[in-house]
Amino acid sequence: LVLELNQVVIPTYGTVPDQQNLHTPEWADFDDKPDSLFFSDGQRRIDFVLVYEDESKKMTHKRSDRKKQKKKRQVYESNLINNGLQLEATRSVLDEKLIFVKVHAPWEVLCTYAEVMHIKLPLQPSDLKTRDSAFNWFSRLFRVDENIIKPEQEFFTAPFQKEHLSNFYIQDKDTFFNPATRSRIVHFILSRVEYAIKNNVKKFGINKLLDTGIYKAAFPLHDSSCRHLSTDPDCPRERYLLYREWAHPKNIFKLQPLDFIRKYYGEKIGIYFAWLGFYTNMLIVAAVVGVGCFLYGCLTKDNCTWSQEVCDPNIGGKIIMCPQCDKACTYWNLTITCESSKKLCVFDSFGTLVFAVFMGIWVTLFLEFWKRRQAELEYEWDTVEYLEQEEQVRPEYEARCTHVVMNEITQQEEHVPYTACGKCIRMTFCTSAVFFWILLIIASVIGIIVYRLSVFLVFSATLSQHISGTEAIHKYLTPQTATSVTASLISLIVIMVLNVVYEKVAILITDFELPRTQTDYENSLTTKMFLFQFVNYYSSCFYIAFFKGKFVGHPGNPVYWLGKYRNEECDPGGCLLELTTQLAIIVGGKAIWNNIQEVLLPWVKNLIGRYCTAARSEKVVPRWEQDYHLQPIGKLGLFYEYLEMVIQFGFVTLFVASFPLAPLLALINNMLEIRLDAWKLTTQFRRMVPQKAQDIGAWQPIMQGIAILAVVTNAMIIAFTSDMIPRLVYYWSFSVPPYGSHSSHTMKGYINSTLSVFNVSDFKNASKPFSPWFGNQTTCRQVPYRDLRYPPGHQHQYEHNIYYWHVIAAKLAFIIVMEHVTYFVKFIISYVIPDVSQKTKSKVKREKYLTQKLLHENDLKVVKKNMGKIADKIIKGVDSTFRPKAE
């Protein structure tokens, strides 16, 4: 429940109560103390800052509009004072138009709202002993020096209650509520105070005032400069320590001071960096194994028999391949694919299979161990029962609660913003809107496929391939490569443009859906955004991996897409290399774009701001004005950081079979990402409002879904995109009798055996190449690694041969076996590793027991004390009644 205090509210936009009824902030001049965090009296701490532009000096609005804005602001500030907050206004040092309103919450207000918000506060120091792990000596090498950032003292905590004030560990009223908690309480009040009523609808909250421009900014203060210590010895230096020991690039190999981060920024930011650090540490194992598999491929590529046959002038040099498109394409020599086949040997090796299975197990270990780590943080940061007790209803939800329903549990009436029918209509509309935008992305992917099919003809005519294949450029810049690279770049641009548009659409849809709590809001928005991003980022990769080159027919009867475009075939080196190229371009381009958006733009904006104020830099600027010129963090906070990392997690797990070095690149990126995010928060952005968070929210089930899907995608990549299964089938079955002519199992003859023969006289007029045939040869070979058909003259010519059906059966068997084995191992791991360690369970039970015992004993003491007084009075009364009268 929110406290109902007396408030003065504008009944309509046109009228306002008498100005004499409004309370106004105190006015004070700046005292030339740039690092001061207190009011001008030096006693009351600044818990929040509101910034507005003096309405009398605004030139951008009509006079009547400026007057209305001023009245709303005055009413809002008056209601803040009525709620017990204390305000002090100071004019800007650099810009006389700006007014800074400093907000202070007195002790009584903090206590009242701490009870309303169920904030857990210390009861007594913890007596639980912590045992150091066996690797403590090793981890100490990477920790922050405890003499610089001292470990936080641990306490037993309980939800605050004013009536039990004496039970709490209060040594100093000024420090009992730390700055993060004070700012959180003040923001809770700011978000719920009313300022106007229009058409019987309440207008309230600082967010709406910011959106309408009545206030320009609202933020808690950083406690100091990030780059140098204050000359004031009493000034705190937490921000300075965070920059020096956490955000500075020199700390790239150090562990993060998570408790200190949580203390300064709150649990929500703390748990993000805890998760990112844990994910990065787990990537070390995956990167080592991935590099090992890559090195194995590099070392064994020289023994790759089928690649040697492609490059051999006596084998591959004598094989003439059929054109890959209608009319414009020409015949080409198999040796053109020599370089591609060598690269393919590195990635398409036995090591890739081992790594794909390993990553299926690794992702399970990562998720299970993170659950345990998260449970530890929930206990250490007092968020174990957060969702049940502490989270408040969103102000936007409260404002719309006009319908009365009966609560099934309490059997009492309560107000909700919509009826069951209204909720169904909202959900239907929101779901339809999400699917519409997903279909729009699929339409864009289809457009890119059409681009691929149409532009391939242009590149085929422009980059004409010669039979000899001796020109160096033709080894690398084939029509397929040029088409793939340009399509990947266009796909990247489309992805980025759609991201910008859909972000606004997703927020509008979620706002219309009207979730009850902030956690519900963020989870709903997360699900929508990830569904969109999943299709947006991964659709082109799924197309290349599982659809491209799979349904092409044969030269005499090609398959056409939309009845016009001949279906696209893979690069002569195979689709696996194209998938790797697509991944490299999208992941690399995404990383560059995100860094530009997240780091470079705020840095440039702040640089321009400092340059514009350089002429006035000789003036002493207060802390609140320095923070105002930093960049706002944005309404979604760390949402985009989570999204960026989870999308990367998808690339690392879903398509790792095509690129074993992906975990290594992700590890390097994440080591930089941690410090860049820390640098950005510490130096470039205003301080975020501290928020509670129990876990990473909807991102956890999303990653679990990715982990399940990753097993299927990697199994299918190895089976259908790579050439591993056809090679194994040839080695074990078709290289020896009855199908082969070799006396022992071998890979020799693989290339000649897997390339189907086609008679050039069987070309249809629509697909017959313009370039004339040469020599006395009457046949060409079909694209390698994709089609296994009977030769011309056979009674079943151009139909799939028995080798093809053996390969299909082997592929399906491989997928079933790999999936079941991997899922079985994942299930065993999930069962063996509990989500909460026994150590953490014991700590939680111990704290609950001691907390209940402490509160119960203190209540008993109070009862005994009161009962003792009552008993004394009763005894005295009895004595006076039965005492004999003095004669």
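Backbone N, Cα and C atoms are what each Cβ position is placed from, and that goes for glycine too.
What you see is a predicted model, and the numbers here were worked out from it, not measured in a lab.
The transmembrane segment annotation in TrEMBL falls on one of the ranges 481-502, 525-546, 591-612, namely 481-502. Within the set 98-118, 350-370, the record from TrEMBL flags 350-370 under the feature transmembrane segment. Residues 437, 440-441, 444-445, 448, 451-452, 455-456, 459, 463, 529, 532-533, 536-537, 540, 568, 571, 578, 581-582, 585-586, 589-590, 593 of the same chain lie 6+ residues outside the transmembrane segment (481-502) yet bring a C-beta within less than 8 angstroms of a C-beta in it. Pairs of Cβ atoms less than 8 Å apart link the transmembrane segment (272-297) most often to 645-668, out of 434-461, 645-668, 702-721. Here the domain 'Anoctamin dimerisation' (38-258) returns a mean pLDDT of 85 for the predicted model.
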